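S.K.: Heads up, here are the entries from TrEMBL:
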- 58-78: transmembrane segment (TRANSMEM)
- 84-104: transmembrane segment (TRANSMEM)
- 116-137: transmembrane segment (TRANSMEM)
- 143-164: transmembrane segment (TRANSMEM)
- 185-205: transmembrane segment (TRANSMEM)
- 217-237: transmembrane segment (TRANSMEM)
- 298-316: transmembrane segment (TRANSMEM)
- 346-367: transmembrane segment (TRANSMEM)
- 379-397: transmembrane segment (TRANSMEM)
- 647-669: transmembrane segment (TRANSMEM)
- 675-697: transmembrane segment (TRANSMEM)
Amino acid sequence: MNPFQKNDSKETLFLPVSTEEVPPRPHSFPKQSSPKICGSNYPLSIVFIVVNEFCERFSYYGMRAVLTLYFLYFLHWSENTSTSVYHAFSSLCYFTPILGAAIADSWLGKFKTIIYLSLVYVLGHVIKSMGALPILGGQMLHTVLSMVGLSLIALGTGGIKPCVAAFGGDQFEEKHTEERTRFFSVFYLSINAGSLISTFVTPMLRGDVQCFGKDCYALAFGVPGLLMLIALVVFAMGSKLYRKPPPEGNILNQVVKCIWFAISSRFKNHSGDSPKREHWLDWAAEKYPKQLIMDVKALTRVLFLYIPLPMFWALLDQQGSRWTLQATRMNGNLGFFVLQPDQMQVLNPFLVLIFIPLFDLVIYRLVSKCGINFTSLRKMAVGMILACLAFAVAAAVEIKINEMAPHQPDSQEIFLQVLNLADDEVKVTVLGDENNTLLAESVKSFQNMPHYSKLHLKTKSQNFHFLLKYHNVSVYTEHSVEEKIWYTLIIREDGESISSVMVKDEENKTTNGMIAMRFVNTLHEEVNVSLGTDASLIVGEDYGVSAYRTVQRGEYPAVHCRTQNEDFSLNLGLLDFGAIYLFVITNRTNQGPQAWKMEYIPANKMSIAWQLPQYALVTAGEVMFSVTGLEFSYSQAPSSMKSVLQAAWLLTVAVGNIIVLIVAQFSGLVQWAEFILFSCLLLVVCLIFSIMGYYYVPLKPRDVQGSTDKQTPKIQGNMINLETKKTRL
């Protein structure tokens, strides 16, 4: 997260500049005072704005928390495609604020922009929720609805991003600056609350509630949509109480035009006939005022330092994509609580609230007492290094997960295990094309095999011959297999003899920490198994083998089953994260049908708690990098350019997400190697940034203020003219 991802209660607050900093602007505010809260100097209208912001952030981060798993397990996209689309959406959310600011500043004003784009926002949530309904069309329709919904959500959340905070600041009279500062503290606290709660609750709605026999993504998207509708209604309810400044023009537009005119003039006069200019921006002096050109010069000095910043965001924003995918291969049982993979993201806003006062009140002060000059640029460089370390830890965790996971069959290989459901021991021999023995083992009745056996093929598919010895009977049988697949040879009684059937097993890959299971029915009638979902699992009679079904982790002491003649319950015991089970329904005792349990693939062994160090490191890096970066850059540019800096900062976040998209699609690396790649890239960028910072000569505050005092700009952007404050938590 970052300070413009509105759920960050950082020590950087973006407040409208006071009259001591910027010449007063003409407003159409009502002359009478707005109603106050309980006789204080706080306008009653800010209550509606704070509630609106809480609901909107709940809506956005709640929806985004489950987005990667929705792509992976509902739309059945690959991990790389899911990651790419997730970051493409995040990137779009940071490009659209420029459009929202332009609309508010040049056309509609902040109030109408928030209202109209919130309607677009709500519509996007409705369409996105419809795209998560399994009964509504097929995968193509779901994909189209999802993409349309996400596009509208990106336009809505990005469009209102630069407007809401500034609109809240507009509600205060200029003499109430202290109250306005406290309002922003509450404002950003509500943002963190919305993010924290939604990131924890929405994955529970997805995983703990079943609809249409699967995870309820429609509910997980629908509840955030409802919160956005509430946000819109609450905001509209305060309409008569708001102070609504008219559109005043966009300073960002003026800056872009000034730079473009300077560049074009420079190339038009490359012949040397015109006198030389000290700075390339001086070529704009023919059309633009000197003060604007001076401010743009100061701005470009800071923007030059922004060039390396996108790589930091490329790492930070992978918490919702690659790190969530990593969590699906870990065990979420913490003993006192069971975490869903996508709930780990809640650590970021939680740690942000802890680390900001910790760094500000303890760590920075201790460093200062040690006589170390811990400048803003040095803090940012240390933040980058911490993010590098976080991804190095993530790579180590990934390597350990891979070591614990079962190996996968390679080309021209299969994995085979034997399940003996006969009443006595069976000797199994696998013969090659030349009757050479490839595998020989004795399997007892209902023996739980400890592992699969690896068999090599001569081609991609091959027929294997099996010799089965049971009592005094020898049975020859033949089965066809294909490479890279897991198989189970099921042996069953067939009168006085035996027979066998070869079935494909589920790959070593279950959905978001869930459990896959299948049933073999030895009864002479069909069994209907109810697993607590809308759809029952039907298992055919006489050694029928069911399809796989995924369920949540937990205890299953009494699973209801039904045949044509009777109802009974099966005790399946504990089904743990990521495991794959086979249950054989038998009736070999006088106690009625029972389930014999076999674990194909063991449960995830590595605890999800091992992700805590990487989350702590990256959040500490975020606090040092993000908060300090804005504090420094705002102190180095004139007040009139601060809205442009906000736009540039948001663009660095957008570009960072595009970097992840490109690497995910084209790197072709295994996951741990990709983590190392990002860590090394950021380390190189940190070195470059440190060199740039070493040669950077900071402007003194009085120099920036002196420039501000001289200016009388015609246009003041509404992306928010900002100053740096510290959050009071």
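Glycine too: its Cβ is placed from the backbone N, Cα and C atoms.
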S.K.: Restricting to the same chain and to residues at least six past its boundaries, which positions have a Cβ under 8 Å from a Cβ of the transmembrane segment (298-316)?
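M.R.: Result: 1-2, 255, 281, 377, 383-384, 387-388, 390-391, 618, 621-622, 625, 629, 633, 636-638, 641, 644-645, 648-649, 652-653, 655-660, 663, 678-679, 681-682, 685-686, 688-689, 692-693, 696, 699, 704, 707.
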S.K.: Pairs of Cβ atoms less than 8 Å apart decide it: which stretch in 116-137, 346-367, 647-669 has the most with the transmembrane segment (84-104)?
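M.R.: Per the Cβ count, the answer is 647-669.
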S.K.: What same-chain residues lie close to the transmembrane segment (217-237): Cβ under 8 Å, and 6 or more beyond its ends?
M.R.: 48-49, 51-56, 58-60, 62-63, 66, 70, 74, 114-115, 118-119, 121-122, 125-126, 128-130, 132-133, 156, 198, 201-203, 205-206, 209, 211
S.K.: Cβ pairs under 8 Å only, please: of the recorded stretches 58-78, 143-164, 346-367, 647-669, 675-697, which one is richest in them relative to the transmembrane segment (379-397)?
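M.R.: Top-ranked stretch among 58-78, 143-164, 346-367, 647-669, 675-697: 675-697.
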S.K.: Based on Cβ pairs under 8 Å, which of the stretches 143-164, 346-367, 647-669 lies most in contact with the transmembrane segment (58-78)?
M.R.: 143-164
